[in-house]
Amino acid sequence: MRVGDEVTLSVKRMAHGGEGIAELDGDGRVFFVAGAFPGDVVKAKVTKVKKNFGRAELQSVEEKGPLRVDSYCPAAEAGAGCCDFDTLDPDKELDIKSEVLLGQLRRIGKLSDLPVPELIELTPRRGWRTRVRLGVDDKGRAGLRKRGSHELVTDQVCTQLAPGLVDGLVGASDDVRRFSPGAEVIAVIDAEGNRHVAQTRKAPRGKRVEKITDIIEGNKQVVERADGYEFRFPVAAFWQAHAGAPDRYAQLVREWLRPAEEEDGQAVGWDLYGGVGVFVPAIAQSLGANGAQAAVYSVDFSPAATVASQPSLEEFDVHVVSDKVEKVADQLPSPAAVVLDPPRTGAGAKVVATVAAAAPQQVIHVGCDPATFARDLQYWQESGFFPTNLAVINAFPGTHHVEAVALLERSNKA
């Protein structure tokens with residue numbers, strides 16, 4: 001077996017990262033093939049060969065499996081790295097993602113006694129993305145990047161994008177706007193239906209915020225709403241891409257967090273990687289449901305999104321800490337509950353150990369990558385915390401990406 005060989009493979013299951021796991025008759029290795037789904041028989045060109053596994057690039061589908069449907073995203077069909085699951089039956093997508101996540105929790109997280117996950121399908125399945133970042137080619141055309149490439153697809157629009165999000169910005173017509181070559185373009189449609197378009201340059205080394213060079217449409221501040229509260233923040237700041245995600249995540253926090261045991265006393269909650277403070281109301285009101293006075297410490301390193309600038313949160317006792325979580329977590333007052341929503345790289349061993357040492361009664365951990373989420377839950381297990389609730393959320397329909405949320409509580413199993 002050599003790189004460049006063409007092989008016929010039978011796809012058995014899905015791997016983390018959206019690749020199909022396939023077998024070759026007479027060969028002991030498994031092969032990973034992007035764009036292939038369980039039940040497919042495919043022809044693929046070998047791109048990597050190792051002792052126990054290989055990778056191959058899909059050439060054709062010889063036999064369609066029961067999960068395969070026709071492509072519905074023209075940008076993905078043109079090679080863009082957007083909807084890598086656009087040929088997977090949407091009604092089976094969340095089941096596949098749940099299987100992948102549970103596999104990672106068992107293999108990486110070493111978790112065998114898992115709660116039955118709640119499977120949450122966010123709607124809509126198409127036109128759900130309210131913010132997008134586009135590249136700009138050397139001709140000034142904006143578009144989505146191709147899979148594994150710096151090349152752009154500039155003449156097709158992805159079906160993830162909310163109606164009107166990239167009108168006049170992406171497409172094949174001659175009147176599409178041109179931008180500065182090499183720049184990036186951020187387009188947002190906010191809760192008020194206003195579109196904001198900004199041209200940016202990546203943050204220089206040592207800087208925390210990228211530079212917005214031009215506001216092309218709208219202004220620098222967007223308005224969003226979640227959990228009954230309004231949030232205002234810069235156009236380049238982080239906000240969940242799916243229109244329904246912030247409300248649903250906050251709802252989970254409200255469903256899972258118990259009132260603090262300190263009745264009529266002071267209860268502390270931590271909102272780590274807190275961004276603009278979407279979880280602050282849910283934490284404060286849940287902890288204080290039995291009369292405790294709840295103080296929420298919101299920690300985030302990004303100055304582009306801060307609770308301090310949110311007038312709608314002034315009713316809460318919020319303490320804003322603008323620093324890295326790993327630097328300050330051991331300096332905060334002992335919490336009754338902690339909610340953490342780290343970036344894709346996860347929280348890591350140091351943060352988990354520090355939070356666990358503060359002895360919260362409850363922890364809600366949000367993750368957007370099954371592997372790092374599983375790794376973090378292994379760290380929680382090592383610190384004596386185990387998942388009692390688990391949710392798998394299809395917050396990125398049409399893609400392999402998935403959101404996971406776990407409620408963790410201390411147990412004597414450690």
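Easy rule for this one: first residue shown is 1, then count along the chain.
Using N, Cα and C of the backbone, Cβ positions are placed for all residues, glycine too.
The domain 'TRAM' feature in TrEMBL is assigned to 1-60. Annotation comment: TrEMBL describes Gln240, Tyr273, Asp300, Asp341 as S-adenosyl-L-methionine binding site. The annotation active site is assigned in TrEMBL to Cys368. According to TrEMBL, the feature active site, nucleophile maps to Cys368.
All chains included, 19 other C-beta atoms sit within 10 angstroms of the C-beta of the residue listed as 'active site'.
Taking the Cα atom of each, Asp341 (S-adenosyl-L-methionine binding site) and Cys368 (active site) are about 9 angstrom apart. Classification of Asp300 (S-adenosyl-L-methionine binding site) by DSSP places it in coil, neither helical nor stranded. In this structure, the C-alpha atom of Cys368 (active site) lies 11 angstrom from that of Gln240 (S-adenosyl-L-methionine binding site).
Same-chain residues with CB within 8 A of the center of the Gln240, Tyr273, Asp300, Asp341 CB atoms, the S-adenosyl-L-methionine site residues themselves not counted, are Phe238, Gly274, Gly275, Val278, Pro342, Pro343, Val366. Using DSSP to sort the residues of the domain 'TRAM' (1-60) gives these counts of helix, strand and coil: 0 helix, 36 strand, 24 coil.
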